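Just below is one structure, and these are the notes that go with it.
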Amino acid sequence: MKLPIYLDYAATTPVDERVAKKMMEYMTKDGVFGNPASRSHKFGWEAEEAVDVARNQIADLIGADAREIVFTSGATESDNLAIKGAAHFYQTKGKHIITVKTEHKAVLDTCRQLEREGFEVTYLEPETTGLVDIAKLEAAIRPDTILVSVMQVNNEIGVIQPIEEIGKICRAKKIIFHVDATQSVGKIPVDVQALNVDLMSFSSHKLYGPKGIGGLYVCRKPRVRLEAIIHGGGHERGMRSGTLPVHQIVGMGEAYRIAKEEMVTEMPRIKALRDRLYNGFKDMEEVYVNGTMEAGKRVDSNLNISFNFVEGESMMMSLKDIAVSSGSACTSASLEPSYVLRALGLNDELAHSSIRFSIGRWTTEEEIDHTIEIVKKAVTKLRELSPLWDMFKEGIDLNSIEWSHH
């Protein structure tokens with residue numbers, strides 16, 4: 001077993017060897033290096049053909065038509081293009097947007113920007129399970145609501161939102177529905193037709209493809225219009241200008257092809273490892289799973305646990321041979337408790353003591369068992385150092401204590 005152990009697959013994934021090998025054929029002078037927009041010679045034609053193949057591979061995984069896939073630099077850009085693009089195009093119909101407090105920063109900060117431009121945004125509170133209450137969402141809809149944005153799988157707690165039901169409501173009321181599916185494609189079955197989704201963002205690097213490339217599904221029937229946020233040569237049907245990075249697109253296509261082929265065998269294996277990890281922790285004292293564990297409502301690769309009376313940062317330091325995250329990769333650089341966990345109603349202490357384990361293609365049973373052992377030791381050691389743990393063990397109600405300020 002090689003140390004450190006990587007259990008942060010929700011932050012990024014290594015590129016699959018098969019993907020890297022394929023990408024190498026699209027870079028040098030001996031490979032296909034042309035610009036797909038060069039329509040007058042063989043170099044451009046070959047590049048365009050490679051892009052078409054990848055576009056089809058990506059569309060296949062989500063049940064879309066290849067013409068509905070727009071390439072971007074990643075899911076953050078896709079979220080920006082979807083939300084700003086739809087809001088600006090449809091603003092004559094209304095300026096109200098609905099989203100959820102536990103969305104990714106790429107959605108929340110885009111909505112904040114639109115608020116500065118005069119749009120109004122309703123941020124829904126999730127239930128303690130992490131899931132959206134459909135009735136609350138429906139109640140928030142107004143005559144001037146033009147867009148609803150809800151992620152399919154949460155990046156921190158892995159819960160699967162009821163996208164199909166939300167899609168039905170939006171379709172019936174003719175409201176544009178955007179879904180950030182960065183953490184769901186290739187991990188759960190995704191079919192944009194069945195889900196009634198108008199816009200869907202996804203990435204390559206969460207699915208064993210290269211970083212720096214992503215996509216946005218833009219529904220053709222009923223047709224959804226967007227105002228571009230990057231202008232130039234009119235690439236991607238005018239929605240996203242810029243020379244297409246063929247090697248990255250080919251890599252993403254190959255990664256999606258492999259995911260479609262291997263998902264049925266890969267996900268049950270990953271689920272077994274996740275359950276093994278959970279079973280290793282579940283009998284410990286004061287250990288809480290964040291987000292629902294109900295079957296079908298959580299992605300198989302995610303386990304987010306709070307170890308009470310242990311500070312997340314010191315826990316991370318004690319796990320130097322295990323790569324996990326406290327909060328999400330985008331917020332783990334800050335010392336703020338996770339806003340996702342706070343939105344679930346967790347207090348600061350529990351939010352601070354959370355660790356996200358995310359399992360992937362190359363995780364082994366041996367690594368899981370070693371992780372359980374190391375984490376248990378670290379928790380025991382850190383709790384021994386904690387006066388709060390001693391007080392808790394003595395039966396003192398910590399919430400009733402008046403702490404004095406010095």
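Here the Cβ of each residue, glycine as well, is placed from N, Cα and C on the backbone.
Feature annotation from Swiss-Prot assigns active site, cysteine persulfide intermediate to Cys330.
What Swiss-Prot lists as pyridoxal 5'-phosphate binding site is Ala75, Thr76, Asn155, Gln183, Ser203, Ser204, His205, Thr243, and the listing cites sequence analysis. The DSSP secondary structure for His205 (pyridoxal 5'-phosphate binding site) is coil.
Taken from Swiss-Prot, the feature [2Fe-2S] cluster binding site covers Cys330.
What Swiss-Prot records for Lys206 is N6-(pyridoxal phosphate)lysine, and it gives sequence analysis as the kind of evidence. Applying an 8 A CB threshold to same-chain residues 6+ apart, the list for Lys206 (N6-(pyridoxal phosphate)lysine) reads Tyr9, Ala10, Thr12, Thr13, Ala75, Thr182, Gln183, Gly186.
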Report task. Whole number in angstrom, please: the longest C-alpha to C-alpha distance across Ala75, Thr76, Asn155, Gln183, Ser203, Ser204, His205, Thr243 for pyridoxal 5'-phosphate. Result -> 30
Query raised in the report: In the structure shown, which of the binding-site residues Thr76, Asn155, Gln183, Ser204, Thr243 has the fewest Cβ neighbours within 10 Å?
Result: Thr243
Requested in this report: Determine, from DSSP, whether Gln183 (pyridoxal 5'-phosphate binding site) sits in helix, strand or coil.
Outcome: coil
